Each structure stands twice: as structure tokens, then as C-alpha cells.
Amino acid sequence: MKIIVLASTSPYRMQLMRQLGLPFHVAAPQYQEQIDQEIAPELLVKHQAAGKAKSLAQKYPDALIIGSDQVFVDASGRVLGKPDSLEGAVRQLRGMAGKSHTFYTGLSVYDSNRDETLTGFATYRVTLRALTEQEIRCYLQRENPLDCAGSFKVEGLGIALMQRLEGDDYTTLIGLPLIKLVDFLGHFGVRVLGDQA
């Protein structure tokens with residue numbers, strides 16, 4: 001089986017990859033992320049996921065390299081990244097409370113030997129409860145989600161902020177859409193269940 005490389009240092013993505021039971025390497029992508037409000041979010045995350053995967057091609061010339069990127073689009077259509085500070089996180093959550101928002105997660109699997117790429121994206125919609133200032137600050141103090149787009153971790157205490165979650169694959173929300181990844185790996189001959197090609 002070809003070497004599989006996860007182009008990410010995210011502990012959340014690594015944990016999701018472990019669910020598949022496949023051996024894999026982890027490497028930090030050599031790619032500079034940029035949020036551009038003028039680019040449609042689905043195009044942005046696909047472009048950045050592919051950029052992350054391809055950035056490791058020289059280091060791994062015969063591998064399947066997985067890149068993923070996520071942005072959070074608030075109810076007004078504005079793309080939000082990770083908060084810049086605790087106060088930035090307070091502002092994000094204050095503005096999002098009581099509204100529905102969408103996560104866009106891009107996925108790319110790059111076969112560095114064949115120079116072949118599969119790229120796609122998945123979405124997940126979240127509706128936050130109405131939140132008081134005290135609830136927002138209590139949450140941020142207890143979880144400190146400054147490394148997460150949207151300022152919350154739904155896989156942790158952030159679930160208490162939610163009123164509703166909607167989507168086909170909850171792992172999209174965490175940053176690596178596993179249903180789509182299993183399909184992409186299958187295209188390259190990697191069977192999560194069964195014989196490996």
C-alpha cells in the first residue's frame with residue numbers, strides 16, 4: 001500500500017484519521033493559508049486543501065497526501081477564520097448567537113507519483129443558541145477554542161452552545177470529511193475495509 005500522509009498538524013484531524021485504522025504519516029504543509037472574502041467559500045477551501053496536499057510532494061514523491069481546509073461562514077455570508085484573541089472570540093460568538101452558520105471543509109487527496117488529484121468539499125450547518133455574555137465568557141474560559149474557526153469546538157464543550165446541527169457527515173464539522181475521504185482513497189485503490197491495493 002502506498003504511504004498515506006496527512007498534511008496537517010491539527011490534533012483533531014489526526015484523531016479523525018485514526019478512526020479509519022490506516023497507517024499514516026503526519027507532516028506540516030508548506031502552504032500559507034489566506035482568507036479572501038471575494039472568493040466563494042467552496043472554491044477557497046478546495047484551493048487551499050489542494051495547496052496543502054501538493055506542498056508536500058517533494059518530501060513525499062510516492063504517496064497519497066491528504067490536505068484539508070475549513071472556513072466558517074456566518075449568517076451574513078462573511079468568512080470567519082480562527083479568532084485573533086480571546087476578545088476576538090467573544091465578538092465572534094456574540095455575533096453568531098441565535099443564528100445559523102455554515103462550515104465549508106475542503107478535501108484533497110494528491111497522488112504525488114501520478115500527479116493526480118481529487119478535490120471536493122462538504123458543508124455542515126450549525127445553529128447556535130441565544131447566548132448571554134456570561135455564557136460566552138464561561139465557555140471560552142473553560143475550552144479556550146482559539147485554534148478553531150468560529151471560536152468553538154463542537155466535539156467538546158462547544159456542543160452546549162448548539163441548538164441544531166445539520167449535515168451528512170459530522171466529521172466535516174471537525175475538519176476532515178471522512179465519508180468523502182473514504183471515497184477518495186478508494187479511487188486510489190485504498191480500501192478502508194478489505195484488501196489494500
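A Cβ is built for glycine as well, from the same backbone N, Cα and C atoms used for every other residue.
These come from Swiss-Prot:
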ACT_SITE  Asp69  active site, proton acceptor
SITE      Tyr12  site 'Important for substrate specificity'
SITE      Gln70  site 'Important for substrate specificity'
SITE      Glu155  site 'Important for substrate specificity'
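Where Swiss-Prot records a feature, it is marked here on the structure.
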residue	record	DSSP (3 states)
Tyr12	site 'Important for substrate specificity'	helix
Asp69	active site, proton acceptor	strand
Glu155	site 'Important for substrate specificity'	coil
Using a 10 Å radius around its CB, how many other CB atoms surround the residue listed as 'active site, proton acceptor'?
27
If you skip the near sequence neighbours and keep only those at least six away, which residues in the chain come within under 8 angstroms of Glu155 (site 'Important for substrate specificity'), Cβ to Cβ?
Tyr12, Leu173, Ile174
Could you check the recorded sites Tyr12, Gln70 and say which one's CB has the most other CB atoms within 10 Å?
Gln70
